[in-house]
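As annotated by TrEMBL, substrate binding site applies to Trp52, Tyr145, Lys280, Ser315, Arg411. Taken from TrEMBL, the feature pyridoxal 5'-phosphate binding site covers Gly112, Ser113, Asp251, His316, Thr317. Residues or ranges marked as N6-(pyridoxal phosphate)lysine in TrEMBL: Lys280.
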Amino acid sequence: MDYVQKDLDYIWHPCSQMKDYETFSPIVIEKGEGLALYDVDGKKYLDAVSSWWCNLFGHSNPRINEALIQQVQNLEHVIFANFSHKPVIELCHRLHTYLPEGLDKFFFTDNGSAAVEAALKMSFHYHAQIGDSQRKKFMALTDAYHGETIGALSVGDLDLYTEVYKPLMIDVIRVQGPDCYRCPYRLDRASCQGECFEKVEESLAQIGEEVAAFIVEPLVQAAAGMKIYPPIYLKKLRQACDKYGIHLIADEIAVGFGRTGKMFACEHAGISPDMICLSKGLTGGYMPMAIVVTTNKIYEAFYADYKEGKAFMHSHTYSGNPLGASCALAVLDIFEKENILEELPERNAIFNKKVKATFQDYPYVGEIRQIGFINAVELVEDKATKKSFDSSLRVGYEIYKIAVSKGLILRPLGNVLYFNPPLTLTESEMDEMLAIAKESVENYFNR
Ligand SMILES: *Cc1c(COP(=O)(O)O)cnc(C)c1O
């Protein structure tokens, strides 16, 4: 079969202008192993982006494979209303010990956007339930990304995804968020005390009483171009939410599970949100599963005799799927048995050093920012003024095509090249990835 032609005949790919596929056809992958993916012709690609940030410990990981095989032979799925199963119970029990203090109740969905929707509904409903029904609004930062369904899209702010749907969206109070590379206060990362948080304070002073929840991507606005901001900002946000009685929803879908060098990004700030949204790394990149973990306080506002009508009636068919839960358990096993979290800081630092050595001297590299294994290289037209390349040039996309032809999956966000590799990345893999990345960038600029 001509797989490429058949793909083009039938498939509408996500996040793509399909016409681009006329000149850059879909790559049909047959096999994955560790950092590498192999296409049907046997060509190898290094997956520097963890297949959209979800693969944690390499493709076709033997431990996760084994867990999945064991589970599928016992139970593939069961209705999750009134029924339960061992893997999901054990998962909550074990994951609980890793989570920030006070997050005690687990609500399952089957993808990240759905978890965000559930969290928003839960917060709104909570306030209605306790008679605080003037709190109907959500607050979120500029450049936020929280998923693609209408509610999740509404709290997000990237025009690329949201522009045409604005008439459908719920009312969200947008606050100017941190922009550390182009800091309007002209501070650098070392001396910053989260001064720009005053924008949030100003907004809250005006309408804090009407806000149900503030949703935020802790420390890294990932889809915005791996924009990294300091923990102090998050600390201030927690304090402000407490002051105004607002729920803090931490969307750790992208940054949870070791991506920032700690299990959860909130740990860097020493804060606990009222809800945390988890997905992507949760199952190691194996199965679609997501969780909203929340407090007993929120849970209890829904707990009443049936006739009071207080239940949270939200549901998804594949909630708490046993295959997903068993993969998630294998992920925790790997974290524990392979001392991943203990070894991350040192390995993260090694990678960052290599990324800097590779890219920092180019005139078109504006900033290299890093947290955990996430390393972003922002390309600019003018380093002094930090002027961006015009988006019509599609600089990132052009580099992406070159890199793919050389066997590296980079997939830049606009003009930001980034690496978000699996946590098992070895030093030789770092070198291999960076050599291709360097060549690709040079090829582009020396055309
Ligand atoms: C990916 C992502 C989502 C959406 O998750 P999906 O599973 O793609 O729906 C939400 N928030 C953040 C921060 C993400 O990175």
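Using N, Cα and C of the backbone, Cβ positions are placed for all residues, glycine too.
In three-state terms derived from DSSP, Asp251 (pyridoxal 5'-phosphate binding site) belongs to an extended strand segment.
Among the binding-site residues Asp251, His316, Thr317, not one has a Cα within 10 Å of the Cα of Lys280 (substrate binding site). The 6 Å Cβ screen around ligand 1 retains Gly112, Ser113, Asp251 from the binding-site residues Trp52, Gly112, Ser113, Asp251, Ser315, Arg411, ordered by sequence position. In sequence order, the binding-site residues near Asp251 (pyridoxal 5'-phosphate binding site) (Cα within 10 Å of its Cα) are Tyr145, drawn from Trp52, Tyr145, Ser315, Arg411. Classification of Gly112 (pyridoxal 5'-phosphate binding site) by DSSP places it within a helix. Distance noted between the C-alpha atoms of Thr317 (pyridoxal 5'-phosphate binding site) and Arg411 (substrate binding site) is 32 Å. For the binding-site residues Ser113, Ser315, Thr317, the greatest number of Cβ atoms within 10 Å around a candidate Cβ is found at Ser113. When every Cα pair among Gly112, Ser113, Asp251, His316, Thr317 is compared, the largest distance found for this pyridoxal 5'-phosphate site is 22 Å. Counting neighbouring Cβ atoms within 10 Å of each of the binding-site residues (His316, Arg411), the lowest count belongs to His316.
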